[in-house]
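> Found this in Swiss-Prot, in case it helps:
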REGION    1-24  region 'Disordered'
BINDING   Lys80, Asp101, Thr102, Glu103, Gln104, Phe105, Gln106, Arg107, Leu108, Arg109, Arg380, Lys384  GTP binding site
BINDING   Asn83, Arg276, Leu291, Ser292, Lys293, Asn297, His315, Lys316  2'-deoxyribonucleoside 5'-triphosphate binding site
BINDING   Gln113, Arg128, His174, 252-258, Asp262, Arg305, 309-314  substrate binding site
DOMAIN    128-259  domain 'HD'
BINDING   His131, His170, Asp171, Asp254  Zn(2+) binding site
ACT_SITE  His196  active site
Amino acid sequence: MNNTFKYVNEDVSGTEGEESDYDPSEFIRGYHESPRSPRLIDYEMGRGLMGNFKGLGINKVRQSNEYDNDTDYSSRKSSKIINDVIHGHMEVPDYIMDFIDTEQFQRLRDLKQVGTTSFVFPCASHSRFEHSIGVSHLAGKYIDRIKVTQPELEITEREQKFVRIAGLCHDLGHGPFSHAFESWVDQLGGSKRFHHEDMSIKMLNWIIDDHGLDEYDSDDIKFISSLIQGKHRPKERAFIYDIVANNRNSVDVDKFDYLSRDSYYLGRSTVCDFQRLMEFSKVIDDQICFLSKEIYNLYELFHTRYSLHKLVYTHKVGKSIEFMIADAFTEADQFLKISDQLEDPKEFINLSDSLLRRIETSKEPELEKSRKIIKNIRNRNLYKFVDEIIVSTDKIRWSADSLAEDIAKVGNGILESDIIVQNLKLNYAFKDKDPVQSTRFYTRYDSTQSFTIKKEETSHLIPNQFQEERIRIFCRSKEKCEQVQTAFRKLLKNHNLSPNPSFTVSPARNIKKI
């Protein structure tokens, strides 16, 4: 096999239940009888968020114009109510439905949120479709709350609307198996580059052009695109750009939703309470700041992210399958021209997780090698995890792209193409920095001034380092696992390094299915 996927540099930096415990009196704030809102929304009582109204003797609520006093809703189509396992009953405005009811957005149903992790955790089969709707819901809820609690900011309906749209469309550009696809494109080399955020903006433009959404002009699209990327923020009103994609400290509603949603479907509990973060925050000097006592909640947010990456998203079996899918795509690329469909959204729309099944059921002889790899995935004949080492930057004595070559030289009968080197970085979404140190806080006693809090003033149990680097070795040939492991450990010994004992697998186990 002409292998181009020899090593992987993976950096998981941010740059990718059923009922909520709401206080009813808090929830109905913003809903009241209004002669300007003729739409009457009936909610099923007895479960979810609206069940809390029963004790108040309220069976029907009318949507408030509190957030949009200058809007005539009588001419608008009805919004929809979606019952979500994470956020309960979500009201989806008609302008959001205009985007949802398109083939470009519906494609997200065929993109699993956790990529190849679903091969390891079978209940985690949720898609980017519901995640994107959830992010839109939280984005709207967040900016609506800021508008109500801080009217002096004069947040416009346009800003509220576009923040929701940005939350909805931020993942439109993901490819098959999400981040695994981006890694595969990077390994192709040459001029091939792919960033899902850029494709998301292309898909957004296509939706607007293709479906006659003429109310959005070029300035509107530019604004929404900046919200998706979290870039090109002006000095004034910079806080609006922190809601969906926060490049300032990585605290955003995208993270709120996927950490909660993934944990739910993975059967894992999460300690972070993102509802409190939204409730106890305010804008000071054009930056979203948090109540000082929420600093522990913020650390829980980033620790939850780190734990999911370490234990779930980078699970060795999931990564093994990811490498096999990458090899299958590489073998199929010359025939299917997958890498030629990365620029035009009208071609890219055909790339989803179903590409695997498309290859698997094909009859073309040109796809035989790819079909064989996919068959091995189905039969659980996977690439084998050989070894892992945790390293410090100052102790690395080789580059990742030369390690496979070094192992092949030391070993007997080992080819470079037998080896996959994964260079993995795990962190708090801010590379090697503490994201909380880039976050500002306020106190109840003076909510007009913001400040930072040193971690030494918070707790001595907060880590001193915020990024760890690991080197993992996988082998494509189960017959050569023992030789690869022996050669790798010889290299480690030469560099005064030792493998990670918690992940070390004996050669005898290596030849079994994982």
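Backbone N, Cα and C define each Cβ position, glycine as well.
Have a look at these and tell me how they're positioned relative to everything else.
Note: Leu108 (GTP binding site) has non-local neighbours Ser127, Arg128, Phe129, Ser132, Asp171, Leu172, His174, i.e. same-chain residues 6+ apart with C-beta under 8 A of its own C-beta. According to DSSP, Leu108 (GTP binding site) is assigned to a helical segment.
Other C-beta atoms found within 10 angstroms of the C-beta of Ser292 (2'-deoxyribonucleoside 5'-triphosphate binding site) number 16, with every protein chain shown included. Ser292 (2'-deoxyribonucleoside 5'-triphosphate binding site) falls within a helix when secondary structure is assigned with DSSP.
Counted within 10 Å of its Cβ, the other Cβ atoms near Asp254 (Zn(2+) binding site) come to 26, all protein chains included.
According to its DSSP assignment, Asp171 (Zn(2+) binding site) is coil.
Counting Cβ atoms from all protein chains shown, His196 (active site) has 18 others lying within 10 Å of its own Cβ.
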> Would you identify the secondary structure of Asn83 (2'-deoxyribonucleoside 5'-triphosphate binding site) according to DSSP, in three states?
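Where Asn83 (2'-deoxyribonucleoside 5'-triphosphate binding site) sits, the three-state DSSP reduction gives strand.
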> Determine, using Cα-Cα distances only, which of these binding-site residues is closest to Gln104 (GTP binding site): Asn83, His170, Asp254, Leu291, Lys293.
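For Gln104 (GTP binding site), the closest Cα among Asn83, His170, Asp254, Leu291, Lys293 is found at His170.
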> Within 10 Å of each Cβ, count the other Cβ atoms and name the one among the binding-site residues Lys255, Lys316 with the highest count.
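Counting every other Cβ within 10 Å of each candidate, the maximum falls on Lys255.
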> What other residues of the same chain, not counting His131, His170, Asp171, Asp254, have a CB atom within 8 A of the CB centroid of the Zn(2+) site?
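Nearby residues not in the site list: Arg128, Ser132, Val135, Gly167, Asp257, Tyr258.
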> What is the nearest of the binding-site residues His131, Asp254, Lys293, His315, Arg380 to His309 (substrate binding site), using the Cα of each?
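Ranked by Cα distance from His309 (substrate binding site), first place goes to His315.
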